[in-house]
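Only one structure is covered here, and it is reproduced in the block below.
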Amino acid sequence: MSEDHTKADNLSEKDPHSPERSDSSSHEDAHAREEEESSDDDGALDGKPASLIAIVMIALSLAVFLSALDTTIVTVALPAISAHFNSTAAYTWVGSAYLLANAASTPIWGKLADIFGRKPMLLLANALFMIGSLVCALSINVGMLITARAIQGAAGGGLLTLVDTIIGDLFSLRTRGTYLGMIGGVWAIACALGPIVGGAFTSSVTWRWCFYINLPIDGLAFGIIFFFLKLKTPKTPILEGFAAIDWAGSFFIIGGTLMFLFGLQYGGITFPWDSATVICLLVFGVVCIVLFGLVEWKFARFPIIPLRLFQYRNNCGALLVAFFHSFVFISAFYYLPLYFQAVKGATPILAGVYILPAVLSTGVSAAATGAFIGNTGNYLIPMYFGMSMMILGYGLLINFDAGSGWAKLIIYQLIAGIGNGPNFQAPLVALQTKIKQSDIATGTATFNFVRNIATAISVVAGQVLYQNQLKKMTSTLQQLGPAASLIAAGDAGANTQAINALPTPQRDLARSAIADALSPMWIMYTAFAAAGLFCILLVSKTELTTTHEVTEVGLEAQKKAEAERKAERQAKDLEKAQKS
């Protein structure tokens, strides 16, 4: 299935250091690199002391841990924050500002890392994250807090993308799977620990510690990265570097993403889905994204998301698998806590504890997948295994009802979690097998951008389906009297205390209704997992090399790569002309 693609890749990925190049060209390139790069070595960690690898990976893991933790740490603290500032806007926007900025900024970080270097951009993202965290902790009004959360989110988008990119620079294709799996496990565990940590701080100290806690941890990560991470750092002139940024593409992708996600955020909550506001946001968001594609195709010299990433079936398959995997797995972290609070009567903190079977099994299976890929060089087996287990696990969640016992609740979560883990990073390894080393940053940023969009759409799709199911139960819910409005609104997550305070017969009826409304949602997620399984058929098998390939970064490297691509296109055009 992959033979043609492999041949095409071999043609398009000719070694830029092959003997075919002239001596003068090699001399010019060496001179350019000498002028451009600092004294850092090539950054390869393959074969380096295990202690050095451990130190660097701890720092990278801490950065990703904080980025993921802040995605969910405020969920339990939001009522206290809203009460402190006496603002209903805080309940919606303190959480959303982080997620929106995170998603919109992700594509930009990859190209910034190509132009200015990985290490400077990672340090910048860490610094911005610390600044945002400090301002959040010291906020004196809700506007200040929301703005700081947006800064945090933009930095958080850079942390995950840059860490994945740097691992691609530090290790060979064969080795990097181990460390990408580790990062995937850290991300999953941090996301799930957020509500527990946030709830503990809010109840025992103050909600401000949800942000203070980032400072010492991120400071430690910053210091380790600064002193121990050795990567080639280009001496790109600031003004020349900024002039090379695809500003038109940045405008359209950020604007389009924000409008689209704002439309999803407002739809069915702030405004009806058929309102002019929601329709305009969604339509113009899509239009901007289409215009972004046009800019990348025709006008951008150094595209943020180069369309050449999509020229191979393998790459499209890997991105589709990432989309469907993200669409499905986020549902467990988002809707299982709702089930435990609204149906099982758990507090927010206990709900976080109750989903630990899914969390821990996700983290362990992600790390185990990385080790498997590193030892065997096979990423397709984990992809098939993971999606198959997701189909089984999320299919079993359909059976969760008001009377489900703990054996069922734990075992079914474990199965779903085992399915979650493998496809956090295996599709990324698959993607990186078919792109040049010079495209690692933009490819990784595109991968994470697809994930962010998938999770945003997934949460809204689940909520819409859940609300529609409750509307079908109107006659049943009328037996609850005034409390029916709490359930029928589809906002049971915000009204769990009121539901749990109902008299026993009404409470049992409400819990059964919510559990029944969640079942069709799990059916949808199971179907999407099945779609993801079929998409793996598009992914080709490629031998993972153990040879480390040095990544050239900086503006001169971008210009050289552009010239090589132009020469390749001209050669192909000439070959076609000769054949015709």
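Here the Cβ of each residue, glycine as well, is placed from N, Cα and C on the backbone.
What you see is a predicted model, and the numbers here were worked out from it, not measured in a lab.
Copied over from Swiss-Prot, here are the features:
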COMPBIAS  35-44  compositional bias 'Acidic residues'
CARBOHYD  N10  N-linked glycosylation site
CARBOHYD  N86  N-linked glycosylation site
REGION    1-45  region 'Disordered'
REGION    559-580  region 'Disordered'
TRANSMEM  49-69  transmembrane segment
TRANSMEM  89-109  transmembrane segment
TRANSMEM  127-147  transmembrane segment
TRANSMEM  153-173  transmembrane segment
TRANSMEM  209-229  transmembrane segment
TRANSMEM  242-262  transmembrane segment
TRANSMEM  275-295  transmembrane segment
TRANSMEM  318-338  transmembrane segment
TRANSMEM  348-368  transmembrane segment
TRANSMEM  380-400  transmembrane segment
TRANSMEM  409-429  transmembrane segment
TRANSMEM  444-466  transmembrane segment
For the region 'Disordered' (559-580), give the DSSP counts of helix residues, strand residues and coil residues.
21 helix, 0 strand, 1 coil
Residues from the same chain, set at least six apart from the ends of the transmembrane segment (49-69), whose C-beta lies under 8 A from its own:
102, 122, 125-126, 129, 155-157, 159-160, 163, 166-167, 170, 179, 182-183, 186-188, 190-191, 193-194, 197, 214, 217-218, 220-221, 224-225, 228-229
When you look at the transmembrane segment (409-429) alongside the transmembrane segment (348-368), do they share 3+ Cβ pairs under 8 Å, ignoring any pair fewer than 6 residues apart in sequence?
yes
Out of 89-109, 127-147, 380-400, which stretch has the largest tally of CB pairs under 8 angstroms to the transmembrane segment (242-262)?
89-109
Non-local residues, at least 6 beyond the ends, that sit with Cβ under 8 Å of the transmembrane segment (127-147):
66-67, 70, 81, 85, 87, 89-90, 93-94, 97, 153-156, 158-159, 208-212, 214-215, 218-219, 222
Within 10 angstroms of the C-beta of N86 (N-linked glycosylation site), what count of other C-beta atoms is obtained when all protein chains are considered?
8
Three-class DSSP secondary structure - N86 (N-linked glycosylation site):
coil
At an 8 Å Cβ cut-off, counting only pairs 6 or more apart in sequence, do the transmembrane segment (318-338) and the transmembrane segment (275-295) clear the bar of 3 or more pairs?
no
